Amino acid sequence: MSEQILGMIGLYGGAAFGILGWWFGRRMAKKQRGLDELHDHIWQKARSISWYFTLGSTYVLFSLILFGIEIKAGMLLGIIMLVHMASWGIIGVILSINMNMTEPLKPSRVKFGISIVAVSLIIFAILSITTGNWWFLIASIPPSTLGLISALTPDKSVTD
Amino acid sequence: MKNRIKDLRKSKKMTQEELAIKVGVSRQSIIAIESGKYNPSLELAYNISKAFDSIIEDVFILEERGEE
């Protein structure tokens, strides 16, 4: 019962805070004319790319079930939702930073960085599921941080 | 697609923020368009050209092979 209450708090509280954050963010951006066509372009592109990550995670989860690992529906949906939302947000931030930088990001470095984040998340998520120890997910933070730093380092060799 | 926004802006002594206010977009959009990272819509390209009292062809230059 207490698990159910915590779940409800997480589900509806998370959604409420998320919507509030989104609404305030849009309000702040509107004041600086931030809700323009570039904003739409960035976030539509981020959402479309995030579907590839969602597809990849669905495939990995299907494989885990195929190999006999039992995963609860709630956990499964939670992972898919997390992958979708996190990849949407991270890609949106990367695209926004790239558009705002005078020095361009190196595409190969961005791909390498995002791959490190995706691979470490998948590996540690599998470890967490198979061992039942969710602390393994925390171990994915250092490689993911390194991946993000690598992706967001501009290409200084390019000059105008 | 290349553009001459930076040159035109400097000749008119206009900052990125001033141009952004004039065409109703964020400064980030002007930075992205100026550096060639983002190709604006026809409507925005028209508004930017209008801000410099020019026509689109004078501000934006479509390369021979088009957009890559």
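Backbone N, Cα and C define each Cβ position, glycine as well.
Unlike curated entries, TrEMBL annotations are predicted automatically.
What TrEMBL says about this one:
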type	residues	note
TRANSMEM	A:6-25	transmembrane segment
TRANSMEM	A:49-69	transmembrane segment
TRANSMEM	A:75-98	transmembrane segment
TRANSMEM	A:110-129	transmembrane segment
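Here the transmembrane segment (A:110-129) lies next to the transmembrane segment (A:49-69) in space: the count of CB pairs under 8 Å, restricted to residues six or more apart, reaches at least 3. Using a Cβ-Cβ cut-off under 8 Å and counting only residues 6 or more beyond its ends in the same chain, the transmembrane segment (A:49-69) has close neighbours at 76, 79-80, 83-85, 87-88, 91, 118, 122, 125-126, 129-130.
Taking Cβ pairs closer than 8 Å, the transmembrane segment (A:6-25) reaches residues 74 in its own chain, all 6 or more past its ends.
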